[in-house]
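*Asks:* Below you'll find the structure I mean.
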Ligand SMILES: Nc1ncnc2c1ncn2[C@@H]1O[C@H](COP(=O)(O)OP(=O)(O)OP(=O)(O)O)[C@@H](O)[C@H]1O
């Protein structure tokens with residue numbers, strides 16, 4: 001079976017080269033993230049701008065408050081110095097009281113603008129990240145299924161969660177504060193130079209080595225952050241696969257092996273984190289050391305100079321306070337830089353994803369404009385009598401015309417396939433497993449595109465049909481039914497925001513399964529767990545049939561489940577199949593030949609080619625491939641009956 005949904009098998013499972021360690025083998029299965037080039041930061045920031053723009057007013061307001069706060073913070077040590085110098089004057093007591101009151105007021109103002117400044121910045125960041133997250137999610141809906149075949153789910157989850165969070169961090173505490181840090185730094189330099197240029201120069205001697213050290217570390221930290229993201233994506237991919245496949249892991253007692261593989265992935269993740277922690281901590285410690293050395297040098301120089309030219313106590317207090325403040329912005333700048341690097345690495349990956357060109361069935365301009373043509377083709381429309389068949393100039397519901405198809409270049413799956421179904425006709429596809437039957441259905445829905453030939457639905461080439469209109473013409477009952485968390489009713493009404501309960505009941509009644517689900521605790525509102533794990537395979541199939549009837553499309557595609565089900569459910573499903581097919585065109589991908597005796601035409605597939613077509617009786621009389629398949633199943637059924 002292919003998938004009308006995502007095929008986890010196709011997500012990787014590359015065999016590791018012989019001679020690789022177990023760790024390498026395990027990691028290789030989750031694909032290396034594409035290596036990122038030295039992305040231009042300005043380009044990435046420009047890419048983020050459309051998401052920031054709607055919230056820019058909050059950022060600007062926050063920036064104004066930040067500049068005000070920086071100014072007030074720098075003013076205080078200067079006032080403190082003046083206060084200490086006042087000790088030497090006769091009216092020291094009055095000056096002290098005045099200065100004390102002024103510093104108190106400044107401190108209060110500084111603290112009271114800190115809250116709105118941080119709040120507004122975080123607000124803008126959270127909103128912009130929310131918009132970006134929604135944009136990436138919507139973008140995923142527009143990709144071709146082939147893209148999901150190649151991309152591990154965990155990697156995509158990381159893009160929408162961790163990478164966007166890293167960008168949020170940048171908004172929340174990074175970019176704007178860095179501007180505040182820079183302003184603070186410039187103000188401190190100016191005030192220090194004006195107060196005592198010699199002491200100031202002693203402090204500034206430390207700036208070039210600190211700047212070089214910060215730049216060197218910055219590069220390392222950026223690399224470390226990239227590495228962390230790669231390892232996070234791998235871990236998510238591995239966890240996703242292991243948790244989805246838990247039943248197989250436990251049934252085949254693979255716990256120990258999985259734990260060992262996870263250890264390797266976990267260890268690689270830990271080591272990547274460790275590198276970033278080491279660089280971060282080393283930078284912090286180095287800056288603290290430089291700060292202490294500067295204070296010591298200033299005090300020493302003041303001592304030496306006092307032999308000829310005394311440095312006032314106020315000047316020393318101001319300098320010690322400024323040196324502490326001077327290195328804080330430098331240290332914070334580097335921390336902000338770390339956040340910025342992390343965010344840019346995340347943004348780079350997001351934009352790399354958004355650059356993906358595998359667009360799913362784009363809406364061509366001609367189709368979008370040609371509303372008249374759309375009506376004529378009649379996708380999804382109903383005629384005046386409420387017949388689910390749409391009005392159209394053609395008498396065919398769908399047609400594959402000399403179609404060739406391959407999932408991977410050079411591996412043909414369908415070869416020169418021509419099948420057609422008139423409106424209301426019931427067509428069955430039969431053939432060995434892997435013959436290409438499910439692939440035919442995927443091409444009709446344009447989940448994949450034919451390499452050669454054309455696929456038409458109601459006379460219109462699917463490549464010229466708006467995606468939504470085309471897919472509204474179909475209801476698909478897949479082999480493996482996917483249920484969303486919610487209730488039975490919400491699953492039957494999949495896609496509808498408001499559940500039409502009367503329609504749900506009617507759909508269940510028509511397939512004869514209303515009593516079965518109403519008997520459950522909670523009735524139609526009974527909870528459906530993740531992926532429908534609290535429902536049997538047969539029950540899930542019945543819900544899928546009801547879903548198809550609820551949608552009431554002109555064409556039904558039924559990919560029959562191969563799973564064995566009990567005879568009661570089998571009887572219910574048979575009833576459901578016939579109920580679902582009434583009044584519409586149907587394509588049945590059949591595994592049990594008993595299901596399809598009464599269809600209008602049977603198409604027999606062998607290795608991607610159509611080898612026979614005709615009614616059950618005609619094909620049996622021909623004594624070809626279908627007759628052999630039928631004999632095989634019939635004798636198997638007889639043997640079962642005899643046992
Ligand atoms: N997403 C995919 N990527 C690559 N190859 C695929 C993909 N899906 C299916 N195939 C391959 O295409 C071939 C046809 O698959 P398809 O599912 O159409 O067969 P089928 O006749 O429906 O089989 P079954 O009776 O088991 O459901 C198989 O060889 C399968 O391995």
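Backbone N, Cα and C atoms are what each Cβ position is placed from, and that goes for glycine too.
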*Asks:* According to TrEMBL, which stretch among 302-331, 332-361, 362-391 corresponds to the feature region 'Disordered'?
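*Replies:* Spelled out, TrEMBL records region 'Disordered' over residues 362-391, not the other listed ranges.
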*Asks:* Examine the ranges 35-57, 58-80, 81-103 and name the one recorded by TrEMBL as transmembrane segment.
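*Replies:* Per TrEMBL, the stretch marked transmembrane segment is 58-80.
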*Asks:* Of the ranges 199-217, 218-236, 237-255, which one does TrEMBL flag as transmembrane segment?
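*Replies:* In TrEMBL, residues 199-217 carry the label transmembrane segment.
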*Asks:* In TrEMBL, which of 1-20, 121-140 is tagged region 'Disordered'?
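*Replies:* Going through 1-20, 121-140 one by one, TrEMBL gives region 'Disordered' for 1-20.
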*Asks:* To what whole number does the mean pLDDT across the domain 'ABC transporter' (398-632) round?
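*Replies:* Across the residues of the domain 'ABC transporter' (398-632) the model's pLDDT averages 86 on the 0 to 100 scale.
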